[in-house]
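Trainee: Right, I'll just put the structure down here and ask away after.
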Amino acid sequence: TAPAVQVSPAARSLFDEPLRIAVRGLGPRQPVTLRASLRDEGGELFQACARYRAGDDGELDLARCPALPGGSFCGLEPMGLLWALRPQRPFRRLVKRDVRSPFLLKLEVLEGHGDPPGRLLAQERHERAFLRDGVRRVPVRDGRIRATLFLPPGNGPFPGIIDLYGAGGGLPEYRACLLANYGFAVLALAFYSYEDLPKEMKELHLEYFEEAVNYMLQHTQVKGPGIGLLGISKGGDLCISMASFLKGITATAVINGSVANVGAVLRYKNITIPPLGSNPKRIKVNESGIADIVDALNNPLEGPDRQSLIPLEKAECHFLFIVGQDDRNWKSEFFAIEGSKRLQAHGKEKPEIVCYAGAGHYIEPPFFPMCAASMHLLVGKPVVWGGQPKAHCEAQIDAWQKIQAFFCKHLMGKPSGISSKL
């Protein structure tokens, strides 16, 4: 029989679901190269390859066969072909712009271990989707709010979450819709550089975010009495600011965020929090022109920079800090520990802090390939984000579980039953 690629689930899966990949019909001990590729919506090609040897029966199951040295990874890595995907051009990060269409993953089996490998023996295409059947995507233009609400299938109300990304601006929806697949009503909220919102992140007004919180609290499909917040990077410190000043927040999960206000002046009523100072002289640029900015920010515990600290001890919610210990954007672990000290010093509940060795700044939903370096809008050049691909991938899988369990516990009042799903 001719070689054939078998993928389970067949034909289509959710992006955060693991795949089982096998090849049948090879010769005994036959050497082959497996190659995975997908193109993002901008046409950017991402690829990974691995060298394998079939079993004595001519079968190759990635869950049981280790990859041999010489490819994008080696060892027993059932999902290696996905987490090891790399852009063909540098400084490109895999993001999903339109969640209504899937990514098309191409899997190829090539003869031998040559470089380049030999002729094509078999191939298979597989769709990696973002929206579970029945999840509703609702564009929101309510007052000043520019957002997209994702509602799970079935009759609500559902526990509500506001999802915020970082200094890249725009309206990323992919994390919000993947989270909605698990029974949450999730509002992906833009805060600058989108439609009629300000083009630049110079000054942010917490009243805008308060409008979004009230929108969720008043929505018939959102289960009260409070909602959750999820933010990464700049979105993380915005979530901490929201939790500190706004009512109706029950649980706040922060991925590699800061406990000081960063990057823009923050205003709320008669309160102004200046951005944390930085020193460009502390940025190291390597011979490839890539910047390491981890030391650029000032210490928010010293001198006038103390004014940038967010008063998170005012918050009346539960906190979860997700920390990549190889984050090269800023000192996320230091920020999480300081946040914890400050909360406890004011008699508040100790936050949950989950640290991942070898994980970088962009801890995304599972199976997004790690982005080692890309353009930073505020720095104006490519920066290194940190992380080791395999450790980073494992962190993303675990963090995704922890985030869902945290929101299940505090918004639904029950342990999450999703662990078997992933």
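Placement of Cβ uses the backbone N, Cα and C atoms for every residue, glycine included.
Automated prediction, rather than curation, is the source of TrEMBL annotations.
Note that this is a predicted model, so its numbers are computed, not measured.
TrEMBL lists these features:
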DOMAIN    205-412  domain 'BAAT/Acyl-CoA thioester hydrolase C-terminal'
ACT_SITE  SER233  active site, charge relay system
ACT_SITE  ASP327  active site, charge relay system
ACT_SITE  HIS361  active site, charge relay system
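Can you tell me where each of these features sits in this structure?
Mentor: Sequence-distant neighbours of SER233 (active site, charge relay system) (same chain, six or more apart, CB under 8 Å from its CB) are TYR165, GLY166, ALA167, ILE255, ASN256, GLY257, ASN329, HIS361, TYR362, listed in sequence order.
Within 10 Å of the C-beta of ASP327 (active site, charge relay system) there are 24 other C-beta atoms, taking all protein chains into account.
For HIS361 (active site, charge relay system), the count of additional Cβ atoms within 10 Å of its Cβ stands at 25 [all protein chains shown].
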Trainee: So what pLDDT does the domain 'BAAT/Acyl-CoA thioester hydrolase C-terminal' (205-412) average out to?
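Mentor: Per the prediction, mean pLDDT sits at 97 for the domain 'BAAT/Acyl-CoA thioester hydrolase C-terminal' (205-412).
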